[in-house]
Amino acid sequence: MRKQIAAANWKMNCTLQQAIDLIDGLIKENISIIPDREVVIAVPFPYLILAKEKLKNRNGFKVAAQNCYTQSSGAFTGEVSTVMLNSIGIDYVIIGHSERREIFGEDNKMLSQKVDICLTNNLKPIFCCGEPLQIRENETQNEYVEKQIRESLFHLESAQLENFVVAYEPIWAIGTGKTASSQQAQEMQAHIRNIFKEKYGGAIAASISILYGGSVKANNAKEIFEKPDVDGGLVGGASLVVAEFATIIKSLK
Ligand code: PEP
């Protein structure tokens, strides 16, 4: 059975003390994570070791980086490699968040290289895709997302996609307070699963966890997560408030 996942994306937020308070706060909630569910916390690079240390005895809690570079080591000042992330026990890396695509110009080809280097170094990518508002208004979102997936993932072998994680994040719903309806999320996520089914077959497609991201909050998580092709969420703003994120975790199916 594929995993149901609540993933927190802190983005570029928190001082050290705030990071400590957030993780300790979550631990105090004492939420038990049953098998086939996971809580992933994607923290800024300086707090990765801290998060890993604090969560190491917590079943079902995993730590993610929010980005990585395409190469394993070398003269790339300021970049962080998956070899480094693997060496400190990190589990996941968010790849292709729309902020990376839009602000830092990461394209589908570069993201395919990032996916490759993650898999080479035993890190699981959380591959983000999703359309801007203009594309949604033109009703070409299905083709747009399919292109993102084809160009970044279709070179992979079936086995590399077993238990892969994809996050569908319509850009118009990220940090805007505007959530896709649960129906819109389900329609796109069924489409995404079908893209994988046509290329890799039903078993692989069924094993992929597809998360929804875009203004998920405590008060809408349950309705969105209930949909059959929504396997949890990638949560920005609401993951910075312990009580909100705790409720979101408890909303997983
Ligand atoms: C995100 O950062 O991936 C995200 C979905 O943000 P928010 O939940 O704040 O919309």
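Heads up, the Cβ atoms here are built off N, Cα and C, so glycines get one too.
Among the features that TrEMBL reports, active site, electrophile is placed at His97. Under the three-state DSSP scheme, His97 (active site, electrophile) falls in the coil class. In sequence order, Asn9, Gln66, Asn67, Cys128, Glu169 constitute the residues six or more apart from His97 (active site, electrophile) in its chain with CB-CB distances below 8 Å.
In the three-state DSSP reading, Glu169 (active site, proton acceptor) counts as coil. Among the features that TrEMBL reports, active site, proton acceptor is placed at Glu169.
Gly237 (substrate binding site) falls within a helix when secondary structure is assigned with DSSP. Annotated substrate binding site per TrEMBL: Asn9, Trp10, Lys11, Gly175, Ser215, Gly236, Gly237, in sequence order.
When Cβ neighbours within 10 Å are tallied across all protein chains shown, the highest count among the binding-site residues Asn9, Ser215 belongs to Asn9. Looking at the residues that bind substrate per the record, Asn9, Trp10, Lys11, Gly175, Ser215, Gly236, Gly237, the two CA atoms farthest apart are separated by 14 Å.
Apart from the site residues Asn9, Trp10, Lys11, Gly175, Ser215, Gly236, Gly237, the chain places the Cβ of Ile174, Val235, Ala238, Ser239, Leu240 no farther than 8 Å from the centroid of the site's Cβ atoms, the recorded substrate location. Taking each Cβ in turn and tallying the other Cβ atoms within 10 Å, the top scorer among the binding-site residues Gly236, Gly237 is Gly236. With a cut-off of 8 Å between CB atoms and residues at least 6 apart in sequence, the same chain places Ser215, Gly236, Gly237 near Gly175 (substrate binding site), listed in sequence order. According to DSSP, Ser215 (substrate binding site) is assigned to coil rather than to any helix or strand.
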